[in-house]
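Asker: Take a look at this one; I'll ask things after.
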Protein chains: 2
Amino acid sequence: MTADLTIVSTNRSFGGWHKRYRHTSRTLGCDMVFAVFLPPQAETGRVPVLYWLSGLTCTDENFMQKAGAQKLAAELGITIVCPDTSPRGDHVPADPEKHWDFGHGAGFYVDATQEPWARHYRMHDYVTRELPDLIEATFPVTDRRGISGHSMGGHGAIVCALRNPGRYASVSAFAPIASPLSCPWGEKALGHLLGADRSGWKDWDSAALIQSATEKLPLLVDQGDADSFLITQLKPHLLTQAAEAAGYPLTLRMQPGYDHSYYFIASFIDDHLKHHAAALR
Amino acid sequence: MTADLTIVSTNRSFGGWHKRYRHTSRTLGCDMVFAVFLPPQAETGRVPVLYWLSGLTCTDENFMQKAGAQKLAAELGITIVCPDTSPRGDHVPADPEKHWDFGHGAGFYVDATQEPWARHYRMHDYVTRELPDLIEATFPVTDRRGISGHSMGGHGAIVCALRNPGRYASVSAFAPIASPLSCPWGEKALGHLLGADRSGWKDWDSAALIQSATEKLPLLVDQGDADSFLITQLKPHLLTQAAEAAGYPLTLRMQPGYDHSYYFIASFIDDHLKHHAAALR
């Protein structure tokens, strides 16, 4: 284990281990906590890693506690890594309006260019580079990587895959923000982090990036049709339109009656784990 | 639905529904919230019910969010009902020391005899009578009932089954308090609720009740051997000794490396659901 890594907690789980660690991130300029689920197969060999990016207000804990993913991950032999959703700390600037949809708990997985955000809000760099480097140097894992997430983290997962060809073997999302360019959450966050000039925003917009994708990883998306954010914020039809225009392999499943909660994620996480396992093994 | 029942929230989950309700409990003299998971089979017929009693500091939410039970319950056709862990409200007396191990969130599933507790702290009566009557009058369920729980709720589940022959078809527990007579949590709670005379405590003590059980439902207990409360509070050897002396059918499984958390519960909940389903169907 690297000298900088401090263990926060350890739980035996499904024959493997759920562990939380704290480390000092040079990318983000603050201490960060992340969680790892190590399946039983990690005791005897190297296993691939699925990165999970959570949504607004979440930490590393929500997915590990509520998604019910560890049972099948233990069977399939997949390590799961959950980072936090933003830089943290008293010295890290927060939402000037003190709302929950920006700042702490809401980093939007982009690399900020504007002050006062640019020093700390570099979550894309963190989740695609610094964290995988740390994971692969520390744990018995391979460099086969999948990425998935929910809502703001669904946007993050798709953007990470599309911006980094060759870095991920699989990608999926639950109820992703399809286009931060086209919704209030995205307009607020990118307006702060990237500035008022919207021309640069398309580099962080799933619907825009799909249209110029050079690598076409099959993208599985589940979306509840009773999700209260469906119409105003998530707008999955923008993903569908972009994928159809670009010939991108998108499977978007509208799930009748399901909302934006972890009950929705738990109901379909096994399908996503199988989607990733097929590419990661 | 009865006139008194108010819906708090609804989530589609595994093809069924997770719903939370508020009602005024005449037994407890306060408003109470409980949660129900209705499996898909409840759309077309009546299904049996598993009652889950949670541990210290919990509410109706912990098990539903963290146990990962709904997937298999949806396959097996079992409704799950989670009550809160104590009476609640500003008018309900709380721990005079303001600790987390007694009072609000810590009703111990007994019927208090001492003031100021006797008016409200009647959780045994509530979970064995008032709540099942309400559930069976409201939802498409049968009167086949199982009961399980964790820690304080494991004690509660075993006591509910042993004190009410014929009322439950199945019983199990995770890391139960085996003998409130013999541990600090139990001594504090029963000292308040039942008074200083310990002779009446044995009517609420699993290890004592097993020795006089007239109905011998097979009891499945899982216990982690890395549980930080194992030695001081839980003392499963007292259950084992009582069961051996009485010829009671106890299966106690010590699970190596597991602690007191919901990661432990999630790891083995499917075995418990199958244990209950075999008796409930």
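Cβ from N, Cα, C; glycine included.
Among the features that TrEMBL reports, active site, charge relay system is placed at B:S151, B:D227, B:H260.
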Asker: Taking the Cβ of B:H260 (active site, charge relay system) as the reference point, list residues of the same chain whose Cβ is under 8 angstroms away and which are at least six residues distant in sequence.
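Answerer: Once residues fewer than 6 apart are set aside, B:H260 (active site, charge relay system) is near B:S151, B:A175, B:G224, B:D227, B:S228, B:F229.
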Asker: Run through the Cβ atoms and count how many others sit within 10 Å of the one on B:S151 (active site, charge relay system).
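Answerer: Summing over all protein chains shown, B:S151 (active site, charge relay system) has 25 other Cβ atoms within 10 Å.
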Asker: Can you see whether DSSP assigns B:S151 (active site, charge relay system) to helix, strand or coil?
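Answerer: Reduced to three states, the DSSP call for B:S151 (active site, charge relay system) is coil.
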Asker: Measure the Cβ-based neighbour count of B:D227 (active site, charge relay system), defined as the other Cβ atoms within 10 Å of its Cβ.
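Answerer: Excluding its own Cβ, the number within 10 Å is 21.
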